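Asks: Sharing a structure here in structure tokens format.
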Amino acid sequence: MRGVGWQMLSLSLGLVLAILNKVAPQACPAQCSCSGSTVDCHGLALRSVPRNIPRNTERLDLNGNNITRITKTDFAGLRHLRVLQLMENKISTIERGAFQDLKELERLRLNRNHLQLFPELLFLGTAKLYRLDLSENQIQAIPRKAFRGAVDIKNLQLDYNQISCIEDGAFRALRDLEVLTLNNNNITRLSVASFNHMPKLRTFRLHSNNLYCDCHLAWLSDWLRQRPRVGLYTQCMGPSHLRGHNVAEVQKREFVCSGHQSFMAPSCSVLHCPAACTCSNNIVDCRGKGLTEIPTNLPETITEIRLEQNTIKVIPPGAFSPYKKLRRIDLSNNQISELAPDAFQGLRSLNSLVLYGNKITELPKSLFEGLFSLQLLLLNANKINCLRVDAFQDLHNLNLLSLYDNKLQTIAKGTFSPLRAIQTMHLAQNPFICDCHLKWLADYLHTNPIETSGARCTSPRRLANKRIGQIKSKKFRCSAKEQYFIPGTEDYRSKLSGDCFADLACPEKCRCEGTTVDCSNQKLNKIPEHIPQYTAELRLNNNEFTVLEATGIFKKLPQLRKINFSNNKITDIEEGAFEGASGVNEILLTSNRLENVQHKMFKGLESLKTLMLRSNRITCVGNDSFIGLSSVRLLSLYDNQITTVAPGAFDTLHSLSTLNLLANPFNCNCYLAWLGEWLRKKRIVTGNPRCQKPYFLKEIPIQDVAIQDFTCDDGNDDNSCSPLSRCPTECTCLDTVVRCSNKGLKVLPKGIPRDVTELYLDGNQFTLVPKELSNYKHLTLIDLSNNRISTLSNQSFSNMTQLLTLILSYNRLRCIPPRTFDGLKSLRLLSLHGNDISVVPEGAFNDLSALSHLAIGANPLYCDCNMQWLSDWVKSEYKEPGIARCAGPGEMADKLLLTTPSKKFTCQGPVDVNILAKCNPCLSNPCKNDGTCNSDPVDFYRCTCPYGFKGQDCDVPIHACISNPCKHGGTCHLKEGEEDGFWCICADGFEGENCEVNVDDCEDNDCENNSTCVDGINNYTCLCPPEYTGELCEEKLDFCAQDLNPCQHDSKCILTPKGFKCDCTPGYVGEHCDIDFDDCQDNKCKNGAHCTDAVNGYTCICPEGYSGLFCEFSPPMVLPRTSPCDNFDCQNGAQCIVRINEPICQCLPGYQGEKCEKLVSVNFINKESYLQIPSAKVRPQTNITLQIATDEDSGILLYKGDKDHIAVELYRGRVRASYDTGSHPASAIYSVETINDGNFHIVELLALDQSLSLSVDGGNPKIITNLSKQSTLNFDSPLYVGGMPGKSNVASLRQAPGQNGTSFHGCIRNLYINSELQDFQKVPMQTGILPGCEPCHKKVCAHGTCQPSSQAGFTCECQEGWMGPLCDQRTNDPCLGNKCVHGTCLPINAFSYSCKCLEGHGGVLCDEEEDLFNPCQAIKCKHGKCRLSGLGQPYCECSSGYTGDSCDREISCRGERIRDYYQKQQGYAACQTTKKVSRLECRGGCAGGQCCGPLRSKRRKYSFECTDGSSFVDEVEKVVKCGCTRCVS
């Protein structure tokens, strides 16, 4: 019975507890807000899903955080959850089963994350899910069972991913699908049954993919035509002839496959192995692939993964946990700075973990927990500054531990105790502090001599650089004299090092010394997040703080005692800003912009003793200003604007001993009467605060004023502490709504309440968005319409996280900076209507996730490809009502932003500089006279003028001589007393007021013999008649003298009174007998013969069968009979023809002989080709002659022998012959002539015993005589022509110094060996050798590569986009036959074009005349072009070498520094230097007939890289000095 009673009691207690649990409200997760069944945790920077989410939650908002991983326990038990928001996180991994408990889930948003893949059967338990958003991730493939179980999905969004593969049947379960978006992916093919089972599909997007329209995609065309309202703008991207065609418009016969292809379902290899990696034998190799994160699609059976030499920074939670069989992980040489504590959880088989060469500073707690099999752990070359005492507690089998080259100063005792199997340890290159806390390590290393790297002490000085294992343990001591690095904190930090409390890292931009953290003078506007916990003094003075926010930062600083906020711009302190700062006893807020003081500002400062509020803008001290500051002893309010102090203002300051109220404009009226008596009683005030009002009490100490004189008579009843002053005088206020419309305001009025929610500033004269607006965090509406705002900044609306409505319409906005609207995640309405905006940069609205209405009409939008994103953005949820229209370019004018197809937004040529200048006004070069242009938020742009000029555009000289009014080198002098007066002293040869007149020196000249005088500058020149010469034309010429005789072709020169005449030889005419008279003009050739001119005669070339001097004899009549060719056998494809009754063979290129039986010329087109001549052909005395043609610089021509050899090759365009008869080094000779010009050259080689003779084109021979020893040349070896085999026994040439060993590339013909013409058909021939010679000359193929051919001489392999025999015709050029009348054709794509009209013409075909005013018509630029400034003003942009308003002045000779690649042609390849070369270009003019040119240059060697993959080193001549020198014709 007793047992039954206890059972009943236990059952009753269980029921009671269950009921209490059901009734009691569940706790809300920390930082989140809960209302009913809704839990809101958005925008909290969470890195993981919070714990303890109430089980009854129906809606969970986790968007806008930093979550990286979803585990299968995160949402366990949430069986009532219907809506889950996970967008805008950093999720890269979702464990299988993560959503298995979410049986009621209806909507799931995972868009804007980092997902690359997701596991199959992920949604198996979510049968009620009807909306799933996976857009804007990095998903690469869709597995076959991706959506298995989620049969009720109606809306599935997969757009803007990287999907390239969809496994067959992936969508088979989604029979009720209504909306499917697959646009903007990398899809190339889809299986035929992909969408057939979706009868309810009403929205389907597939555009912006890489669809390949071959026979396997023909089904999609029919499918789309049957459903004309879905799949709009779906286009082919291949093959090339269908690129850009709508799939639905392509006919079935056009979907063709090349060859016999059979469709194979897309093989989604990326699902089983990362795209950048290789997978085999359970090993995944991702070394050096540029990865930035751990791949998620790894095979579950892997045993080893290699991730070294990438740029991975973070190891997320559970990164390797799914791969239970892992034995080795290599993460070395990355940039890892963050490791999740459970990154390696569950890897019980892991025996090697390599983490060296990263940026790890701390090992998280439990990082190596459960790694019982680990034997090798490499942590060297990191920045580890602390080891927890239990860091290695489970590593019982570890053999080798490397902590070499880190930042360890101490190690807690017991850290290495669990390492029972340790054999080797590396601790060197750490800054160890060898005090008493490290004594244990010395004892440990004495007992276990396993440290092999030589770990040494860094401090104290007496132990510096000594090996820890060799120091006696008694030397490790702590004393008051030995405090290192941070005085007073060493011992404290060392003791806690086992818990990694010694947070040594100093915040970025700050300086840490002792317990002081100095972050002053760094332009900070927020308190750094990671401040060391040992901080006692925090210096934040001289920064850019405007509001002190309640971030809870001081809760983490238990040692903090002093904070310095002086010299900032602080206007407000949020309630709770100092929460947790209970130990702080001194705060400096001197020189800020505080206007009032409230007790909530200082909440949490229970121990504060000193409060400095000097030099602020405080106007009132209320009786609640200092509540809670009972410990304050010193309070300074010096130099503020205090006029009133409320009675009892200092009563709560029980410990106050010093109060400074000096330098304040106190109004001694009735409201201040109490203060005089209080000052007399307390006697704690520094100095004597004085009255400033009323006038009769000015400068009277307050404590000396009689009580009856503190009156509010004569209207002096101002009270700065009155609550009525909470509304500016220019505005009207109702609750939290402030209206300041149409008040002519230029700055924000003072006194706007901090809790204002709606602020109306429309109809004023603001030119900028007031910076002070960022202080009003509760604003939900701002109206700044109808002002003069011309620019916005990236900080214009910072801190306005609650803003719902922003109206900026009817201003002068020209540019939207990319980050102007960052942080406005609650904004629902944005009005930019009626401005001058042309372009909105992509990403400008990224944070406007809640925006439902955008007004951007009445703006001159320039709708090219840079605005396509905005069109897509407004179309996505119809956020723009269809008012905004495009103003250009071209055909886009007047098109609606909302309805115009995205493909119409294209870029066609350069954008007008006036449009670009809206966001960068300096592009239009508005600053004249070398002024420097800078953007300015108020004046749009501002010019910094050089000396001598002023004005907005630096176009106004400060005095008359600045603009050099004296021409032609005249000297300008100012007239005293006249601002614009000047006079000129002219250079010789000029006169006039501005030296503009060149004196006519021909008025008194000495030119003789009727010569013509030509005026110069201070001189003149005589132009002589033909028969005279000399400076003054005083000498008569003898034209018939031998050195002057102009008569050509042996004609006779005869002197005449007027000069000379030529008596021509027969056949020549002309003044100088230089013209060969065309005797064919009156020829007697008959029967269609061709006349060929000759000197003093002509020749008739007769048609076939005709003969005679004038081809007058007809061919004899031939009776039908058998052709002579019938029995004449032409060889090698030659054609037999009959000529004069005789059969003749017309040989193909390369062949000759009576029957074309010999192959005598060949073309080497392969770098590995060669001919092999039998050894019997070559004897000790041999004469070899051949003809070659090439434009290459190098290549083997002839080679015979093994180690001792005769070799003839091309070397830098010359013929190089070497003869190695056994002496070393081998002798060599070079031809004087270069032969790589593409023409044929004769090379003759004569070998006689131990001498070798070389001759080119019949020139003087070069001879080698090598008599050092008897020749060992092997005459039994063959003779190789044009190359040689790459075997070791004939590789001496390839290895010889100065020789390249590459095969010949070009033509060889008429090879004679000992006067015997060689037939190449009879010798072994490699592939890549063609009969006939037609060498490829440079640039014969305009846009392609020349390849020799035996049939046509050569063929051109054209580049993409070009066609024709010489690659000089464009393919699919829509501009061929265009109809542009007064304009230029610009191709849009392969099928259409647009016309860019000339000035004064318009219309689609530029066939309409326009009468447009062009400001550039008013000025003429002599040596330059007219441009428009940012304000629309015309100016001249001068060509190089000229200056002046009209570009009419030539700049004197000077060298202009340029830095660019140096280019040259090398054979068939274009080559350029591997780096840019700095050199001078000489520009400008010179006087005295000289030219501007180089005076000094130098030669330097540079490396060149060529388009064919080759490289070489060559010299380049660089100009280093320019000046005036003799002109070179």
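Each Cβ is built from the backbone N, Cα and C atoms, and glycine gets one as well.
Grabbed the feature section from Swiss-Prot, which reads as follows:
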- Cys668-Cys691: disulfide bond (DISULFID)
- Cys731-Cys740: disulfide bond (DISULFID)
- Cys865-Cys907: disulfide bond (DISULFID)
- Cys945-Cys954: disulfide bond (DISULFID)
- Cys986-Cys995: disulfide bond (DISULFID)
- Cys1024-Cys1033: disulfide bond (DISULFID)
- Cys1040-Cys1053: disulfide bond (DISULFID)
- Cys1047-Cys1062: disulfide bond (DISULFID)
- Cys1080-Cys1091: disulfide bond (DISULFID)
- Cys1102-Cys1111: disulfide bond (DISULFID)
- Cys1307-Cys1333: disulfide bond (DISULFID)
- Cys1380-Cys1395: disulfide bond (DISULFID)
- 664-714: domain 'LRRCT 3' (DOMAIN)
- 957-996: domain 'EGF-like 2' (DOMAIN)
- 1036-1074: domain 'EGF-like 4' (DOMAIN)
- 1453-1528: domain 'CTCK' (DOMAIN)
- 301-322: repeat 'LRR 7' (REPEAT)
- 534-555: repeat 'LRR 12' (REPEAT)
- 559-580: repeat 'LRR 13' (REPEAT)
- 778-799: repeat 'LRR 18' (REPEAT)
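Provide an account of the burial state, proximal residues and distances for the features listed.
Replies: DSSP assigns Cys691 (disulfide bond) to a strand. Within 10 Å of the C-beta of Cys691 (disulfide bond) we count 24 further C-beta atoms, all protein chains included.
Look at Cys731 (disulfide bond): DSSP puts it in coil. Just so you know, the Cβ of Cys731 (disulfide bond) picks up 19 other Cβ atoms within 10 Å once every protein chain is counted.
Residue environment of Cys907 (disulfide bond) contains 12 other Cβ atoms, counted within 10 Å of its Cβ in all protein chains.
In the three-state DSSP assignment, the secondary structure recorded for Cys954 (disulfide bond) is coil.
The Cβ of Cys986 (disulfide bond) has Cys966, His968, Gly970, Gly992, Cys995 as same-chain neighbours under 8 Å, each 6 or more residues away in sequence.
In the three-state DSSP reading, Cys1024 (disulfide bond) counts as coil. In this view, Cys1024 (disulfide bond) is surrounded by 20 other Cβ atoms within 10 Å of its Cβ, with every protein chain counted.
In this view, Cys1053 (disulfide bond) is surrounded by 19 other Cβ atoms within 10 Å of its Cβ, with every protein chain counted.
Cys1062 (disulfide bond) has a Cβ environment of 23 other Cβ atoms inside 10 Å.
For Cys1091 (disulfide bond), the same-chain residues 6+ apart in sequence whose C-beta sits under 8 angstroms from its C-beta are Cys1080, Asn1083, Cys1085, Tyr1098, Thr1099, Cys1100, Ile1101.
The number of other Cβ atoms within 10 Å of the Cβ belonging to Cys1111 (disulfide bond), over all protein chains shown, comes to 21.
Within 10 Å of the C-beta of Cys1307 (disulfide bond) we count 25 further C-beta atoms, all protein chains included.
A 10 Å cutoff on Cβ-Cβ distances gives Cys1380 (disulfide bond) a total of 21 other Cβ atoms nearby, all chains included.
Residues in the domain 'EGF-like 4' (1036-1074) partition by DSSP class (helix H, G, I; strand E, B; coil) as 0 helix, 13 strand, 26 coil.
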Asks: The domain 'EGF-like 4' (1036-1074): which same-chain residues, six or more beyond its ends, come within Cβ distance under 8 Å?
Replies: 1009, 1026-1029, 1094-1097
Asks: Cα distance, Cys1047 (disulfide bond) to Cys1111 (disulfide bond), nearest Å?
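Replies: Per the Cα atoms, Cys1111 (disulfide bond) and Cys1047 (disulfide bond) stand 37 Å apart.
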Asks: Sequence gap of 6 or more, Cβ distance under 8 Å: name the residues on the same chain that satisfy this around Cys740 (disulfide bond), in order along the sequence.
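Replies: Those within reach of Cys740 (disulfide bond), by Cβ under 8 Å and sequence separation of 6 or more, are Pro728, Glu730, Cys731, Pro749, Leu759, Tyr760, Leu761, Asn764.
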Asks: Within 10 Å of its Cβ, which one of these disulfide-bonded residues (Cys1080, Cys1395) has the largest number of other Cβ atoms?
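Replies: Neighbour-count leader: Cys1395.
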Asks: Count the residues of the repeat 'LRR 13' (559-580) that DSSP assigns to helix (H, G, I), to strand (E, B) and to coil, and report the three numbers in that order.
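Replies: Residue counts in helix, strand and coil order: 0 helix, 5 strand, 17 coil.
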Asks: Compare the Cα of Cys907 (disulfide bond) against each of the disulfide-bonded residues Cys691, Cys945, Cys1047, Cys1102, Cys1333 and report the nearest.
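Replies: Nearest listed residue in space: Cys945.
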Asks: Give me the Cα-Cα distance between Cys1062 (disulfide bond) and Cys954 (disulfide bond), rounded to a whole Å.
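Replies: Cα-Cα distance, Cys1062 (disulfide bond) to Cys954 (disulfide bond): 66 Å.
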Asks: For Cys1040 (disulfide bond), list the number of other Cβ atoms lying within 10 Å of its Cβ atom.
Replies: 17
Asks: Long-range same-chain neighbours of Cys865 (disulfide bond), Cβ under 8 Å, sequence gap at least 6?
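Replies: Looking at Cβ-Cβ distances below 8 Å from Cys865 (disulfide bond), excluding near sequence neighbours, one finds Phe905, Thr906, Cys907.
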Asks: Can you give me the Cα-Cα distance between Cys1024 (disulfide bond) and Cys1040 (disulfide bond) in Å, rounded to a whole number?
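Replies: Answer for this pair: 18 Å between alpha carbons.
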Asks: Taking each of Cys945, Cys954, Cys1040, Cys1102, Cys1333, Cys1395 in turn, which of these disulfide-bonded residues have a Cα lying within 10 angstroms of the Cα of Cys691 (disulfide bond)?
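Replies: Within 10 Å of Cys691 (disulfide bond): none of them.
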Asks: Summarise the repeat 'LRR 7' (301-322) by DSSP state, stating how many residues are helix, strand and coil.
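Replies: Split by secondary structure, the repeat 'LRR 7' (301-322) comes out as 0 helix, 5 strand, 17 coil.
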